[in-house]
Amino acid sequence: MVHHNTSESEPRIYGFTRTASAVLTHLICIVFSVFIALLSRPGTSLFSWHPFFMTLAFSFFMTEAILLFSPHGSPIKRFPHKTKGRVHWILQCLCLSCAVLGLAAIAYNKHLNGKPHFTSWHGLLGLLTVCVVGLQSLAAVPLIYHSLAKGWSLAKLKRYHAASGLVTYLLGSISLLLGLCSAWFTASVREHTWYLSALCPALSALIIMNQVTSAYMAKKRLQS
């Protein structure tokens, strides 16, 4: 009898933990994006647009795009999968747009100041991430318009897209973390604020990674 109650409580605890993690990720991406916006004060200088747009792209839009498919924390959980897919693609396009604007701002700012481009790991990885996001968005078109996926299994395309999307998200998170190591950010915050800020993309990445891998493992169990 005790064993029966324990087995019933496990799914409840599991669901509560998943929901709490999803809600926490929503809060993190919003609070972190607002914090960087307040710190950078976009519009006060050309450089100020770089951290603002990049954070908006990789912390807010990309995170929310993936959370749409969370069974425990999606804001449109009751909508059909097709609708989620289209909203996901729109958010990813907004992510790409913001990333391109952020990249253009820092490139033009360096050009005006006569500084070399992409000389740091942050710059190189940021450029790579923007390119990968663009490719990821293009590769998602056949998932929306299935007629373009001739000769390809739709289920296989979804698995490839989920795996590459997770890699893209991790690249974005690492780019954000490297950005927090920049001279601008370290000079703008105190030490404890830096650690709290670094915790935001790191924790979000762990939760998103768990969401994607758990969904993949669940599908594998259903197919076996």
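Glycine is no exception: its Cβ is also placed from the backbone N, Cα and C atoms.
Here is what TrEMBL records for this protein:
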- 16-219: domain 'Cytochrome b561' (DOMAIN)
- 21-40: transmembrane segment (TRANSMEM)
- 52-69: transmembrane segment (TRANSMEM)
- 89-108: transmembrane segment (TRANSMEM)
- 120-145: transmembrane segment (TRANSMEM)
- 166-187: transmembrane segment (TRANSMEM)
- 193-218: transmembrane segment (TRANSMEM)
Which bits of the chain, at least 6 residues beyond where the transmembrane segment (120-145) starts or stops, bring a Cβ under 8 A of a Cβ in it?
54, 57-58, 62, 85-86, 88-89, 92-93, 95-96, 99-100, 103, 106, 152, 154, 157-158, 161, 164-165, 167-168, 171-172, 174-175, 178-179, 181-182
The domain 'Cytochrome b561' (16-219): mean pLDDT?
93
